[in-house]
Amino acid sequence: MKSPRRTTLCFMIIVIYSSQATLNLNLESIVHPSILRGHEPAGEEPPRHKRAVASSSPAVDEHTVDIEISFENASFLEPIKAHLNSLSFPIQVNSTDQVINILSIEVTTVCRPAGNEIWCSCETGYRWPQESCLPHLTCQDHGGSPAGNHCSCLKGLPPKGPFCQLRGADVTLRMSVRLNVGFQEDLRNSSSALYRSYKTDLEMAFWKGYRILPGFKMVTVTGFRPGSVVVTYEVTTTTSSPELMRKANEQVLQNLNQTYKMDYNSFQAVTSNETKFSVIPEIIFEGDTVSLVCENEVPSSNVSWYHVERRSDVQNSSRFWIYTSVLNNMTSLSRFTIYNITQGDAGEYICKLTLDIFEYEARKKINVTPIRISANEEMQVMCNSPVSLNCCSDIHVNWSKIEWKQEGKISIPGNSETDTDPRCSKYTLHANEVQCLSGSAGTQVVYTCEFTSAHGARGSKNIQVTFTSVANLIITPDPISVSEGQSLSIKCTSDVNSYDEVYWNTSAGIKIHKRFYTTRRCPNGTESVLTVKTATREWNGTYYCIFRYKNSYRVATKDVTVHPLPLESNIMVDPLEAVVPLRGSRHLKCCIEDDEDYKVTFQMDSWFFPAAKEVNGKQVCYKYDFTANSVFQCPKHVDVFCHFTNAVNNSVRSTSMKLNLVPEMTIMCQDPVIGVGEPGRVIQKLCQFSDIPSSPGGPAGGIITYECVGSQWKVKRNNCISAPINSLLQLAKALIKSPTQDKKLATYLKDLSISTGKVENEVSSFPGSLGAIINILDLLSTVPTQVNSEMMTHVLSTVNVILDKPILSTWKVLQQQQTNQSSQLLDSVERFSRALQSEDGTSLCISQTNVQMKGMVIRSGHPKSYKQSFVFADSDLWGNVAIDNFQLENLQTDSSIVTVAFPTLKTIIAQEVQGENFTNSLVMTTTVTHNITMPFSISMTFKNNNPLGGLPQCVFWNFNLANHTGGWDNSGCYVKEVNEDSVSCSCDHLTSFSILMSPDSPDPGSLLKILLDIISYIGLCFSILSLAACLVVEAVVWKSVTKNRTSYMRHTCIVNIAASLLVADIWFIVAAAIDDHHYILNETACVATTFFIHFFYLSVFFWMLTLGLMLFYRLVFILHDTSRSTQKAIAFSLGYGCPLVISVITVGATQPQEVYTRKNACWLNWEDTKALLAFIIPALIIVVVNVTITVVVITKILRPSIGDKPSKQEKSSLFQISKSIGVLTPLLGLTWGFGLATVFPGSNAVFHIVFTLLNAFQGLFILLFGCLWDQKVQEALLNKFSLSRWSSQLSKSTSLGSSTPVFSMSSPISRRFNNLFGKTAAPKGPPGNDGNLVSGGTSTV
């Protein structure tokens, strides 16, 4: 090799070539041949080897040769490099005995003169090997090379080599390229022919193209994916320059069939194992300053950082700082600093360097550990007593600093000491008499220990120290000795009122529930009283009153003795009632499940008789034979009791045994078990003493009722409870009296679930057993304790049995006897749901055939909304519940939202609640464990299985309706959307929801409903304007038309009718403003509106009645005369007094139960109390009365009295009849006759239309027929507003005809009727004279 010092510039090139013979080049020591093995694609033989075998040619060898080129002019370097880069490979060189293909040529090393020295540096992608760096001098400007590292610049070329070499070891490039052809599904299947064809062709092209890369070993196609066709493949080689990779990609394109339409610009490559990734510090605490360093031997500053968990690129900010630099034009160094790191910053980070088509990627996952310091958070220190406070970190770390601080009303410093454990610190303090005065007892001081790490993280722990004094307890001094069934009370007092908790324990260490005791602070101390209303034997023992203040406890004890005595409810008597014939006898007995030594006597009036004892297994009975002698008189009723007295002389009396003494001759029914009785007699017996077959497991429970029919006793009602269920019922009654009821509840619910499943057949046979299970659930749901998932599973398992379809018939029988069982069951399930608490997660799910429960627990920062779906395939029902995130944010943390769905409960309720229009849908109850203080909204969707259609109503079960037996209510609920098979509802509260159908109400979106609304609003406007016009007209013509008593009273009625209807219409507008299904009705305003509408509508009717009675009075009682003031008093009393009385009685009788108004409208209630009848009945009675009066009036007109001479003008009486009907019919309220028909379900649409038309235009009717149609009103208006010529014409017109256009004044009948409307009765009087006259023996007023 020539010395480089003799040249101006030299550079080394690496030549990779292949030949079919051994290459013999004499390049001295600078030639370094390396035979590279031919790497074949996975699973296939390399194509060139196949060709070699076919032609029997020698194997192809590949060689890498380093060549030194020297020249004087340094400016030649760049053109030569450009020329080499522009060459297309392979280049074939032909000779006589061999074929040589030059695969690639790359510049590796360049030596330039630097003063008197030659500095040789490596090109991109190459570096000096370590064996060249150590023995040779490095360039001064570049510094030395640390041991173990590669240098970048040497002074002169190593005389024996090696020269710059490819960096690092083999790397695997994960590459992809796009084929602009359509994607076929067979490319997903690696065994398909298409897949194999693509793979073979592409790997052959890849092999031919990438073999020019230095260190190339293999290429493998890994798969295809859509996006046209994206080919993914891996290339194993050493690091290659971007220029060489571009050349290789061009070779791939040239060697691939053009039908594949490969896109040259779509090549991408990702490489790893080129980047060094380090994190400082190794153990990261919250609050530390952390540095992530990414180093890559690629001279590029295009580095980005990515946080995987946040799915976002990292940008510079107040807490994040990224700085990237390129060192020595060879190494990229990027430093990412995180200040005050948090838990949210933890996760995996990606450092990505991009250079041309290459992406160099490195990943590192960092964990952020919170500084956890353990210590007793609260301590109680007795004054004048030393104490040591200790803080320890959870991790062994050399903390840079540990400090103690204090804060409080008093200052009590301590001494910090070094602990033997480097993780811990001790702080010793002593509160002496000077620091801890007597008045400081109960004062709290907070001590804080703070740990600081070497990188700035800080963690602290507060220890709250309370300085206190000893409390003295005083408990009830007298001994406590009671008998079962009696009450007991224990009082415990303390002389200090500072405490954290006061509670009571049993001698077994079980804490008694708070429902049994009360605690209150007094000025001089504290008082806690344990009260037991009904003591049982479980209360026998020692009780501990415990006062806790921080970690200090004061205890007082009290012994309680409970003597055995049966409870009244546990004494079973036979008979409950019986018939005893005179001089006959009857066996009486009282039984208990207790073989204690009691003194038992039977009491009858003031007499006491001893009882005989009889033991039958576990049951002990006391008997007495009662004989009815002649002392008793028939019939007579006798009450007999049995008394149990224990050893301490406490006694209890049983329920009464009712004996009815009757004559023996009346006895018809006789039975040795049931007894005797006369026909029609109904008696009750306990089922265990009846003729019902007994079952194992104890006595049956419940009562059976018999009736004497003919000469046989027939069962009238069977409320018997099977023995297993009766046993559970007795245990449930005992459990709720137990001091440890909350501890026993879980076991009992499990036993109930198992037993109910075993006796399902008995439940379906005995309605009493079904009722007993419901009562058991009701009792247990009142136990104040949290319910876990296992307990709730047992509850719903029991509910699932009693809601099964075969038991629906039993429900029907039960509901005929007791009306609120389904409501009671629903209430019990809701109470259990509110007490449910999940122990391990956020989701709750229990599924049974007839009930499903789903829910979740609200956790801090919970992002999800509440959405639950329920599907019951057997019942073909489904429903959804949704509560949005905004609503959940208002709930307390750890609250549970629970929804329970029932597919069969709606059918059961339908059997109980009459008058509702039910559709087959789910009943879904949603509850929250904590009270809701903010407005709450819930959305639900129900499947609608109603084939008849109708208007759906969203309702909830209101337990306060129907005297607290429950009923459907739609307050706060409205229909959001109605589809073909579903109804969407929204409510502003939580409870049990469902949907109802109202076929009698028009659909809100129907044409009929829209038409009725338009008619109502237009008619209301006309009505108000007409009534106002009527009052104006009456005011104008009042003096002209009220000159006699009859006309005065008539117009008084008309004015009051118009005024009452006008006010009623105004209140109707107010009601329309209040009544909106989308908002909660203002209850007070709604009640007031309903009252006034009721009152004024009734006033309209009663003034109509007054008008009718006046008509009747003036035609029938002709000779009778009454003063104007008397008539006015009667009219106003009738017109306003009667409506006021009816309205006040209605609101007073119904509003206390909140059933005065409807739930969705401001009008009288119909569904619950039928309060609407308080309007309908008076209105219809008045209609009947006035119609009767009309008939009488018409009859009187058509049949004049004897002596009246008919004339031709009598023929016009038909017109008068028509006029009477036209005036009276709208005024008599026939409108509300049609209104009554609309109340009933299924009413025809015609009734709705007619009622709406008549009701809306009542004011117009009154104006036309009650006011303007009156002849005298017309004359008065003409006289008032016409000119003199109009008056003259009127006089002429009047003279040509009769003075009354309807009847001749010569007719007595005409005179009577015209007097009713204010016309004169004197044919010979002066025109217009309305004075009092006497003519022909007829008095006219």
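From the backbone N, Cα and C atoms, a Cβ is placed for every residue, glycine too.
Just so you know, TrEMBL annotations never went through curation; they're auto-generated.
Model, not experiment: these values are computed from the prediction.
Per TrEMBL, signal peptide is recorded for 1-21.
The annotation region 'Disordered' is assigned in TrEMBL to 38-57 (among others).
If you look up TrEMBL, you'll see 38-47 marked as compositional bias 'Basic and acidic residues'.
Helix first, then strand, then coil: DSSP counts for the domain 'SEA' (167-274) stand at 42 helix, 32 strand, 34 coil. Residues or ranges marked as domain 'SEA' in TrEMBL: 167-274.
According to TrEMBL, the domain 'Ig-like' annotation covers 275-367 (among others). Taking H, G and I as helix, E and B as strand and the rest as coil, DSSP gives the domain 'Ig-like' (275-367) the counts 3 helix, 56 strand, 34 coil.
Per TrEMBL, domain 'Ig-like' is recorded for 370-468 (among others).
Positions annotated as domain 'Ig-like' by TrEMBL: 471-561 (among others).
Feature annotation from TrEMBL assigns domain 'GAIN-B' to 842-1003.
When pLDDT values are averaged over the domain 'G-protein coupled receptors family 2 profile 2' (1012-1270), the model yields 73. Among the features that TrEMBL reports, domain 'G-protein coupled receptors family 2 profile 2' is placed at 1012-1270.
TrEMBL lists 1014-1041 (among others) with the feature transmembrane segment.
Marked as transmembrane segment by TrEMBL: 1053-1074 (among others).
Taken from TrEMBL, the feature transmembrane segment applies to 1094-1117 (among others).
Sequence-distant contacts of the transmembrane segment (1129-1151) (same chain, six or more residues past either end, CB-CB distance under 8 Å): 1049, 1052-1053, 1056, 1060, 1087, 1091, 1094-1096, 1098-1099, 1101-1103, 1105-1106, 1109-1110, 1164-1165, 1169, 1171, 1174, 1178. According to TrEMBL, the transmembrane segment annotation covers 1129-1151 (among others).
Marked as transmembrane segment by TrEMBL: 1171-1199 (among others).
Taken from TrEMBL, the feature transmembrane segment applies to 1220-1240 (among others).
Annotation source TrEMBL lists transmembrane segment at 1246-1269 (among others).
Under 8 Å from some Cβ of the transmembrane segment (1053-1074) lie the Cβ atoms of residues 1020, 1023-1024, 1027-1028, 1030-1031, 1034, 1081-1082, 1085-1086, 1089-1090, 1092-1093, 1096-1097, 1099-1100, 1103-1104, 1106-1107, 1110, 1131, 1135, 1161-1163, 1227, 1258-1259, 1262-1263, 1266-1267, all in the same chain and six or more residues away from its ends. Helix, strand and coil residue tallies for the domain 'Ig-like' (471-561), in that order: 6 helix, 54 strand, 31 coil [DSSP].
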